[in-house]
Amino acid sequence: MEQYDQIGARLDRLPLARFHYRIFGIISFSLLLTGFLSYSGNVVLAKLVSNGWSNNFLNAAFTSALMFGYFIGSLTGGFIGDYFGRRRAFRINLLIVGIAATGAAFVPDMYWLIFFRFLMGTGMGALIMVGYASFTEFIPATVRGKWSARLSFVGNWSPMLSAAIGVVVIAFFSWRIMFLLGGIGILLAWFLSGKYFIESPRWLAGKGQIAGAECQLREVEQQIEREKSIRLPPLTSYQSNSKVKVIKGTFWLLFKGEMLRRTLVAITVLIAMNISLYTITVWIPTIFVNSGIDVDKSILMTAVIMIGAPVGIFIAALIIDHFPRRLFGSTLLIIIAVLGYIYSIQTTEWAILIYGLVMIFFLYMYVCFASAVYIPELWPTHLRLRGSGFVNAVGRIVAVFTPYGVAALLTHYGSITVFMVLGVMLLLCALVLSIFGIETRKVSLEEISEVN
């Protein structure tokens, strides 16, 4: 495996232009539709139960099929992306999701729907990881955090989008239309990616395909020079004299030396994200009801509290490049841990609402930091997708078992204990991140790739 630092330096000196906006548009559109299809399942299941298509057992199988697909996709997508290219991995998984979602619109029974849901999950698990990880290789280091966060901001509108469209489509048409809309949209993204999603020059150079990387990058440079009416600045003497380095890209490097440290930090970061995300967002309505708030009011209060999610991601995009990554992530975890406990001891509805809103605001700032920004930055180019894929797969496993732990604590000890245990775990994760995390803010991917 070869790595060519000059290619990275030339990508980092580019001013933002239509080239970057097209890449951003294709990936963000794909992530939005992926989220739409994922959250549409929640809306569709209620309809399937009411019309006799499904029951609690089949609903569980439907949900588990998606989660298992996510797990498989996260692992396989990383290998495809590192061995065969970012563009090919992205487009293959777009096609899988598009065909599976379209097929789900025409299934004859629930068993076929569960099968297509698994295929959707496999493609979406890979697509999310490949999208975020690939994006980091195109965006200049000085604004990489901000634009990766914006990618997350667009993608996280999908719950509201699926809920809004689902209310109309399922009521007046059919649940099948939800999958058909998502499938057609994904296939449109697949078509557009064929025209505008180029192969990562960093990946080409890393594979020793220097001529291909040079051709792709020179074309981009010429487009930007014409668009901006400028001449790109020359590279520094260090950048222009960068040498080719040979690195073997075996998957097992993730568990050796410096890479093991990064792998463990990444797993810790995602464990913190998943246990907080699934504890807080999934169980908020239940905790409301257990606190004596009626169901209708709990649903309304949950909707109000979740407004903090897009606002948190929006603010994260504005400020994330102004603070060191380790400080930013660990501080957010400490804030969430403290707010979680304060939130759990509130008894008045207005206090629950205010503290819940603020907690969700900071939680989604952390979700943005972890999934969209920090994790994709941690890895050398030749391991980026496999590293991201593996730690995301571990995160999926944690997400599967977290609800059972929360349910046991909630049943035997109450909601305050749930948030106390969560707080202790988040504080431990913050400690690991602050001590062992590596700093990636405004650092070129080539510098981050250095393995000591």
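Cβ coordinates are placed from backbone N, Cα and C, and glycine is handled just like the others.
Quick look at what Swiss-Prot lists:
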TOPO_DOM  1-20  topological domain 'Cytoplasmic'
TOPO_DOM  44-57  topological domain 'Periplasmic'
TOPO_DOM  81-91  topological domain 'Cytoplasmic'
TOPO_DOM  141-152  topological domain 'Cytoplasmic'
TOPO_DOM  199-265  topological domain 'Cytoplasmic'
TOPO_DOM  289-297  topological domain 'Periplasmic'
TOPO_DOM  321-326  topological domain 'Cytoplasmic'
TOPO_DOM  345-353  topological domain 'Periplasmic'
TOPO_DOM  377-388  topological domain 'Cytoplasmic'
TOPO_DOM  412-415  topological domain 'Periplasmic'
TOPO_DOM  439-452  topological domain 'Cytoplasmic'
TRANSMEM  21-43  transmembrane segment
TRANSMEM  58-80  transmembrane segment
TRANSMEM  92-114  transmembrane segment
TRANSMEM  118-140  transmembrane segment
TRANSMEM  153-175  transmembrane segment
TRANSMEM  179-198  transmembrane segment
TRANSMEM  266-288  transmembrane segment
TRANSMEM  298-320  transmembrane segment
TRANSMEM  327-344  transmembrane segment
TRANSMEM  354-376  transmembrane segment
TRANSMEM  389-411  transmembrane segment
TRANSMEM  416-438  transmembrane segment
> Who are the long-range neighbours of the transmembrane segment (58-80) in its own chain, taking Cβ under 8 Å and residues 6 or more past its ends?
Replying inline: 38, 41, 45, 48-49, 88-89, 92-93, 110, 113-115, 117-127, 129-130, 251, 385-390, 392-393, 396-397, 399-400
> At an 8 Å Cβ cut-off, counting only pairs 6 or more apart in sequence, do the transmembrane segment (298-320) and the transmembrane segment (153-175) clear the bar of 3 or more pairs?
Replying inline: yes
> By DSSP, what is the split of the topological domain 'Cytoplasmic' (81-91) into helix, strand and coil residues?
Replying inline: 10 helix, 0 strand, 1 coil
> Can we call the transmembrane segment (92-114) and the transmembrane segment (179-198) in contact, meaning three or more C-beta pairs below 8 angstroms at a sequence separation of 6+?
Replying inline: yes
> So, does the transmembrane segment (389-411) come close enough to the transmembrane segment (327-344) to give 3+ Cβ pairs below 8 Å, pairs being at least 6 apart in sequence?
Replying inline: no
> What stretch, picked from 21-43, 118-140, 153-175, 389-411, 416-438, has the most CB pairs under 8 A with the transmembrane segment (354-376)?
Replying inline: 118-140
> Can at least 3 Cβ pairs under 8 A be found between the transmembrane segment (179-198) and the transmembrane segment (416-438), with each pair 6 or more apart in sequence?
Replying inline: no
>> So, taking each listed stretch (21-43, 118-140, 389-411, 416-438) in turn and counting its Cβ pairs to the transmembrane segment (153-175) that are under 8 angstroms, which one gives the highest count?
In response: 21-43
> Of the listed stretches (118-140, 389-411, 416-438), which one yields the highest count of Cβ-Cβ distances below 8 Å with the transmembrane segment (21-43)?
Replying inline: 118-140
> If you run through the topological domain 'Cytoplasmic' (377-388) with DSSP, how many residues end up as helix, strand and coil?
Replying inline: 9 helix, 0 strand, 3 coil
>> Counting by DSSP secondary structure, give me helix, strand and coil numbers for the topological domain 'Cytoplasmic' (321-326).
In response: 4 helix, 0 strand, 2 coil
> Apart from its near flanks, which chain residues at least 6 from the ends of the topological domain 'Periplasmic' (44-57) lie with a Cβ under 8 angstroms of it?
Replying inline: 63, 109-110, 113, 166, 170, 175, 178-179
